[in-house]
2 protein chains.
Amino acid sequence: MIKVSLNGYGTIGKRVANAIFLQPDMKLIGIAKTSPNYEALVAQKMGYRIFVPENSIKSFEENGIKIAGTIEDMIKESDIIVDATPNGVGAKYKEIYQKFSKKAIFQGGEKANVAEVSFSALCNYDEAVNKNYIRVVSCNTTGLLRTICTINSISKVEKVRATVVRRAADPKEVKKGPINSLVADPVSVPSHHAKDVNTVLKDLDIVSMAVIAPTTLMHIHLLNITLKSQVSKEDIINKFLETPRIVLVSRKSDITSTAEIIEVARDLGRLRNDIPEVVVFEDSIYVKDHEVFLMYGVHQESIVVPENIDAIRASMNLASREESIKMTNATLGIRSGYLI
Amino acid sequence: MIKVSLNGYGTIGKRVANAIFLQPDMKLIGIAKTSPNYEALVAQKMGYRIFVPENSIKSFEENGIKIAGTIEDMIKESDIIVDATPNGVGAKYKEIYQKFSKKAIFQGGEKANVAEVSFSALCNYDEAVNKNYIRVVSCNTTGLLRTICTINSISKVEKVRATVVRRAADPKEVKKGPINSLVADPVSVPSHHAKDVNTVLKDLDIVSMAVIAPTTLMHIHLLNITLKSQVSKEDIINKFLETPRIVLVSRKSDITSTAEIIEVARDLGRLRNDIPEVVVFEDSIYVKDHEVFLMYGVHQESIVVPENIDAIRASMNLASREESIKMTNATLGIRSGYLI
């Protein structure tokens, strides 16, 4: 049993903690948190051991939260740490992980050079095997990579022109905007998403542009992909249907929005209405000569969760790509085929 | 086992269907639905028998949905029907329920005279016993009644001045607004909420005003209640803590928004992040002489679900008020005390 701990218990951290708890080959040592808010109270209710910075022990204890030790204590107990601290903080913690000779998985908010390899399970699992420091790319990049690598397995992808419509904030966030504007973000083209895809697919010709829209549910990507040879819409649909972590929204479901996608996740009883799969609108797939157009949703809160689990297995050399993806999907209920 | 069917399978209907399925003294005959969209596909996946209008059979079958019969077939098989059809449609269906001598539970979107009694489990369960037609009041009225009847049990409530800040649409709805405006709705004072409270508490002096805000998560009520005798903040907190279907949000949880309340429901793994409890901000309770002020959240999608279950038991005389509330709460995981 690999001993894993979670440094950071926000949107990503709490989901990865749940996921580690469900893995048969991993043991969750505990979670590290800096403020004693409701998420800490939930973590306590879940029975997780809670580790905090030295100077936060008092505030946690005053809120009735039992502390298992400091964050350093947690790191020392672990074989590998999943760092889900805020953007840029992971790079600072890396020094501590190195000091105790511990492996670590970083998130996409860190610069690519924090790790030896940027990671997407469907694209480059094997490159990450035995690496000490792996960076799981961001939610948007994960969506792009899953889709591009899948289509690339039918016909070589020569060019990607991507539009990313980003959600403004996560559902729990009440201090972020915009609430009534579309923001070109970043206003400079190409957006960082293309560059981030290139950390994994180094030679791909990809340009991305991004806007932020006032919504919290999901991102939507609108892709224009040029292939080496023409493929049919049916080829693409069939490939998606057999690919893990991609689901299709059918015409008969009458779903055309992220609101309805999330509603299905709620109706199906998914934990936190999470949808770690890329959700492709089947009707949006359009082929014109060597070009493919499509639209899909990316659930920013959960899409990287299975990638973190696979990255742990790659780093510790616990399983092959296929074995790890299969085990992660089975334990987390991640599907292929149609959403409903 | 009482045979119950669900006419209407939208926001309320699908939740009441789940809830009936979980009751030891009820059998879900099936659900009636008019359009073969994703909610019908989910119902099929849940294994529910699906009944449709005669002229919709073809469109359901074309979408691969197996039909158990017409809505009339469903009504004939049932002892009692929960009518969760759109506002005003229930009154039309009443004729069919009467034709087959079936009891029915209506929702707050119907006019009060559709039923023999308007219903709130904490306030007037006993009045509904053995009645053929019961109307569960709306989400906002349910929140008001639960709160007022609870405070009334400490000291007589002489006057209520209520402000209702209403959510604009349910999370799944993509064709309703506003998205960037506050709407005085209704612009005439008092709003219908006060009148609806008076269908249950007939002599209460209550005036309500309402605005719609661009959010989908919950309503918030801001109350000013005048009591016959002064009570302390602690009296109120202690009463709320022991009252079923009311939970408190503590100061230590650092929760001040509906976004964070829903996030807790997600983190706790609640189905569809539902919170059928009234959620009172503990810090908002303020006492000035004989007046009490407080703020609480009302989850419009789920607050009436336990009320529908209790209304069935009252109509069929299956259990006392206390027994029914206890059974409903236990089967649906509805709590008292602190939210977290």
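Residue numbering: from 1, along the chain as shown.
Even glycines carry a Cβ here, placed using N, Cα and C.
Keep in mind that TrEMBL annotations are predicted by a computer and have not been checked by a curator.
Annotated active site, nucleophile per TrEMBL: B:Cys139, in sequence order. Annotation comment: TrEMBL describes B:Thr11, B:Ile12, B:Gly109, B:Arg167, B:Gln300 as NAD(+) binding site. Feature annotation from TrEMBL assigns D-glyceraldehyde 3-phosphate binding site to B:Ser138, B:Cys139, B:Asn140, B:His193, B:Ala194. Residues or ranges marked as domain 'Glyceraldehyde 3-phosphate dehydrogenase NAD(P) binding' in TrEMBL: B:2-139.
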Residue pair B:Arg167 (NAD(+) binding site), B:Asn140 (D-glyceraldehyde 3-phosphate binding site) - Cα distance, angstrom, rounded: 10
Three-state secondary structure, which DSSP defines for B:Asn140 (D-glyceraldehyde 3-phosphate binding site): helix
Length of the line joining the Cα atoms of B:Ser138 (D-glyceraldehyde 3-phosphate binding site) and B:Gly109 (NAD(+) binding site), in Å: 7
Lowest local Cβ density among B:Thr11, B:Ser138, B:Asn140, B:Gln300, which the record lists as binding-site residues, within 10 Å: B:Thr11
C-beta crowding around B:Cys139 (active site, nucleophile), within 10 angstroms: 24
Shell list (NAD(+); ref centroid = CB of B:Thr11, B:Ile12, B:Gly109, B:Arg167, B:Gln300; cutoff 8 A): B:Ser138, B:Cys139, B:Asp170, B:Glu301, B:Val304
Distance, B:Thr11 (NAD(+) binding site) to B:Ala194 (D-glyceraldehyde 3-phosphate binding site) (CA atoms, angstrom): 24
Integer average pLDDT (0 to 100) for the domain 'Glyceraldehyde 3-phosphate dehydrogenase NAD(P) binding' (B:2-139): 97
Shell list (D-glyceraldehyde 3-phosphate; ref centroid = CB of B:Ser138, B:Cys139, B:Asn140, B:His193, B:Ala194; cutoff 8 A): B:Gly108, B:Val137, B:Thr141, B:Thr142, B:Gly143, B:Leu144, B:Val164, B:Ser191, B:His192, B:Asp196, B:Val197, B:Ser208
Cα-proximity to B:Asn140 (D-glyceraldehyde 3-phosphate binding site), 10 Å cut-off, over binding-site residues B:Thr11, B:Ile12, B:Gly109, B:Gln300: B:Gln300
Residue, out of the binding-site residues B:Ile12, B:Ala194, whose Cβ gathers the largest set of other Cβ atoms within 10 Å: B:Ile12
Conformational class of B:Arg167 (NAD(+) binding site) under the three-state DSSP mapping: strand
